[in-house]
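Colleague: Here it is, the structure in full.
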């Protein structure tokens, strides 16, 4: 097949978000870094480094045919599972915040769950492209995939890493849904799953507190609601144009680790509604282009891989912004490309590299399809 | 993969490539037959992917809505809350206005001091090592004279602001600043400007001034009543701070300067106040006043209060110190409610304004004024003082059997109760009580001090519907109560020609640059009596002092008008309650001051408990001191002059022969006594009293031809209760000279009995007339 060009707008969105991330990580982290490690460039340097390496890897990966990459997916899957088991073993994985999620490699830390996200998306796409026909059947089609996802979730819960488990489950659900799983099956599993989740929240005092604090963060502004309250203060302080770049007050340790999960509120505080709108707009652009790529992918595997990679970014960004705006309870999910986060940055960019490669194989990559036309075509398909 | 590849085409693929919807049965059959569809359902795939695009897009739009909602709907609310956590505000107390006396002498002054505070969270992030914190606490403890442990405890509080020590000396503040900021470079310990109230004269005018609390708020007296005027506006230092309370780099410290309070000028004269307090203190000491004393000095022409004193008093610099009369080793001051209540009911009480009492005979001046104004009586009108019967009661004069026939003026000199009963009845109930109200009784004076009874409370101290017997008794000042300030104000009206003045305590309010903010002018409330009546009453009252019951208030050279008062109110206490008082107007012809002295519960022998004996001398001496200070010239009457010439200056006779010396002394109307050789030609080597010493006429001068005065010491005898003649004889027999002050029986002597004195020494002895009223 003839090599074509990258999807320009996707590339543009990724680079724009990464650039915003570098600037915002510096702005958000400088005081925190000066305070904790006595070097206000600490996080900036690392973010620059990981972004740089990530972008290079993205271009490398974008030049590898995704179909060849997909052949590696069973091996990647196995490696990810082994690593997830290893990291859960005390003495091998390092502990932080009561969770054993990281390998300490000395110069950096590495989260196997990041690798697992990519591996699982690739593996599911690879496998479903062959077995999509079976998906109509519950036990022989859907259940094996559910078992795989459930097993991964189980490993993640060992660490524990709930947010990642939720994310992986959600992304897997999108892939299975698009691959043709029956809605009836979804409801049959989703209903009890929701009930189980509700029970889990209710059964643990810690989780229940966190849940309740989301409903009324101001009931305990110094305790459970602390992060959310300070996030709301930051966002509210931004108003239309923000305090100005670098002028956040909430980053002065009111928001703990402001360069991480709550960086969006710093963006909203410094750059205002305009800044928040811009970031959200880039995510919208990325998601639109990503799904367009999946709809125009040359084969089902590419299509599923594209929707999986796009969903990963979409869900992470939506959940993250929902958390900082007190729309849902606090879950530790970073904002892709913007939040500081060494290896996770790397894997996100690698994922984008795969997506770009799929876009090069798109049948429509030369002629951008307008939304209206897409709709029309979808209708035609129906009629 | 191979199966998927190549076969899969995009949306343009003809519909024929897609399988028609399958029913479950056929699928199962196909599955059993090993026919699983390998053709992907492209249409469904795209539809579902497109559906996900919609879900994600809508979700992100919803997030955008949430951001907008937080920023624009909840924005202000959250911003306010954020502001209060992001900024640290330290208050700067304004300099409280000074309270001056009428001559600009500072009575209550605010000194600039420093207050040391800390941001414990910030400090702990600045000084991480516990040993260093310990060291810092130790050093600060030494400097601030505090327990290092207490300071350390403050350091470990989870807080962004705590006081360490408030209101320290500026020198000490500078030293702490040097150490903490200069040497250590700490940012979390602040040394801020503050102000501290202090009262340079200690307890002087304590009841007028009041005192302030730790936040410089007025708690009593003028400090309380004019708190808003004196206080000023606090300033603040605002900083944007990080979560530990440390200022963030780009934040500018915003400094809102404090606005100093206004200065208050009182009508009080520091010197007169001092005289007044000394007089009360002395009286309290001499008479063992169980319930203290009150005195007030007013300018009758303006209503200005020149002095206001209440005993016992307190030091506003340390208001909750243990009063002398309390014997409590566990005294806790304001930290104990009991102690605090005790303070408020004793030393903090301003008896001039807060307390009421039966005025007794001092009120006769009011009755007399009413009767004279109504034309019922004239000073020369003949009246009869004999027991008066009314409604089954008999009212006697203090003088057994009464004074019989006399003119009205003398009835006042003698303070005859039956005469005042007659006059009051003649004035009549309506008129009498109308005068009572016109003189300002039954109504608060509206003085700038807290705690004066309300109009209603005042009214309740009088009979509601007075009958004739009530009126009769009220005529000589009994069975109703008034406050000292009311009586003094009424006396001002009698003194100044008949105008009831509004009592004034505050003369002027001005800002710290001296610009006048408000000036208070004397205010005439109403005309009560005529000029003539005023003059007549003053003349009669002058007679009270020169020849009546007020004789003990007599001061040679000053014309003092006044009236004594003694009242005994039946109280729960078995011994009853005596209040003796004296109200004076001086000088009688051209009044400059009105003085009222009220002594509560004197613990002296029964026969001494009268205003004429106890209060009159105190008031007389006070009048003398004040008039002298006001440089009112003495106008000596003939009698005064006679008394004055009774003193002579001792001539120097040392070096002369005895003969020459005796001749010289005779020319001076002095007696002599020679110690040593009696030879006429012996030379006098020493003399007592020494030359140029003023001694009473006919005193004895001791001449020494041998020996010295030190060898001829005699013990001072006890002269108490001796008459003038008895005392003189006793002293003469010992070779001592006596200077007689007053008349009657000896009350006090200059030296304690038994004191060794050289022969010839002149000893002052005070005598007093024992008169009741």
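Cβ coordinates come from backbone N, Cα and C, glycine included.
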Colleague: Could you check which of A:227-248, A:337-358 is flagged in TrEMBL as transmembrane segment?
Modeller: A:337-358
Colleague: Residue list, the transmembrane segment (A:300-325) vs rest of chain: Cβ under 8 Å, 6 or more residues beyond ends.
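Modeller: That would be 66-67, 70, 117-118, 121-122, 124-126, 128-129, 132, 163, 167, 170-171, 174-175, 178-179, 228, 231-232, 235, 261-262, 264-265, 280, 283, 286-287, 290-291, 293-294, 331, 333-336, 339, 348, 351-352, 354-355, 358, 361.
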Colleague: Taking the transmembrane segment (A:9-32) as the reference, which of A:44-62, A:109-128, A:183-202, A:262-288, A:337-358 gives the largest number of Cβ pairs under 8 angstroms?
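Modeller: The stretch with the most contacts is A:262-288.
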Colleague: Given a Cβ distance threshold of under 8 angstroms, which distant residues of the chain, six or more beyond its ends, lie next to the transmembrane segment (A:160-178)?
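Modeller: Contacts with the transmembrane segment (A:160-178): 99, 101, 113, 116-117, 120-121, 124-125, 128, 135, 142, 145, 149, 152-153, 186, 294, 303-304, 307-308, 311-312, 315-316, 319, 331-333.
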Colleague: Based on Cβ pairs under 8 Å, which of the stretches A:44-62, A:109-128, A:262-288 lies most in contact with the transmembrane segment (A:337-358)?
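Modeller: So the stretch in question is A:44-62.
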